[in-house]
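Working notes, structure below.
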Amino acid sequence: MTESKLNPDNLTPPRYRGSLLSAFHNAIRGILIAFKNERNLQVQMVIATVVIFAGIVFELNITEWAIISISISFVIVTEMLNTAIENTLNRISLEEHPLTRNAKDVAAGAVLISCIAAVVIGCQIFIPKILGN
Ligand SMILES: Nc1ncnc2c1ncn2[C@@H]1O[C@H](COP(=O)(O)OP(=O)(O)OP(=O)(O)O)[C@@H](O)[C@H]1O
């Protein structure tokens, strides 16, 4: 389908429009594909599991669990968006290009910021508990 034939009020090409159920199925597929193919996501999930286990051991309160949950989700979401951006750029062209480099580096930078924030939050929550304060 050419771009000119797309309805500006609904930019999804007709052949990809589906039910709510198929949208949910596609989203689950996206999550599974990302976790299967992205080593960084697998490492982040291992770290998240350790953090959740530590949260149980140190008996985090409801607010601390909320902050930890948001931090873990933030890292996973930025990593998945980074993967989506990388895939899109690679689909457009595998040729070296400074704009592709910038786009990939900016996306990777977003992941780095989310990881640093998660580490800082983890330290703020767990260090006082480890030190027994
Ligand atoms: N087509 C390209 N043109 C220019 N630079 C590129 C291109 N593809 C990748 N790069 C550079 O190489 C880096 C790594 O890109 P790549 O697509 O291999 O990501 P990756 O190593 O799989 O990253 P991640 O670990 O986040 O999945 C990019 O951040 C960018 O600096």
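Including glycine, each Cβ sits where the backbone N, Cα and C put it.
Now, the feature entries from TrEMBL:
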BINDING   Arg17, Glu38, Glu86, Glu95, Glu96, His97, Lys104, Asp105  ATP binding site
BINDING   Arg17, Glu79  substrate binding site
BINDING   Glu38, Glu86  divalent metal cation binding site
TRANSMEM  41-60  transmembrane segment
TRANSMEM  66-85  transmembrane segment
ACT_SITE  Glu79  active site, proton acceptor
TRANSMEM  106-127  transmembrane segment
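Sequence features, as recorded in TrEMBL, placed on the structure.
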| residue | record | Cβ contacts under 8 Å, 6 or more apart |
| --- | --- | --- |
| Arg17 | ATP binding site | Asn10 |
| Glu38 | ATP binding site | Glu79, Thr83 |
| Glu86 | ATP binding site | Lys104, Ala107 |
| Glu95 | ATP binding site | none |
| Glu96 | ATP binding site | none |
| His97 | ATP binding site | none |
| Asp105 | ATP binding site | none |
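Residues of the same chain lying 6 or more positions beyond the ends of the transmembrane segment (106-127) and with a Cβ under 8 Å from any Cβ of it are 40, 44, 51, 54, 58, 60, 64, 67-68, 71-72, 74-75, 77-79, 81-82, 85-86. With respect to ligand 1, the binding-site residues Arg17, Glu79, Asp105 contribute Asp105 as residues with a C-beta closer than 6 angstroms to one of its atoms, given in sequence order. Counted over every protein chain shown, other Cβ atoms within 10 Å are most numerous around Glu79 among the binding-site residues Glu79, Lys104. Looking at the residues that bind ATP per the record, Arg17, Glu38, Glu86, Glu95, Glu96, His97, Lys104, Asp105, the two CA atoms farthest apart are separated by 33 Å.
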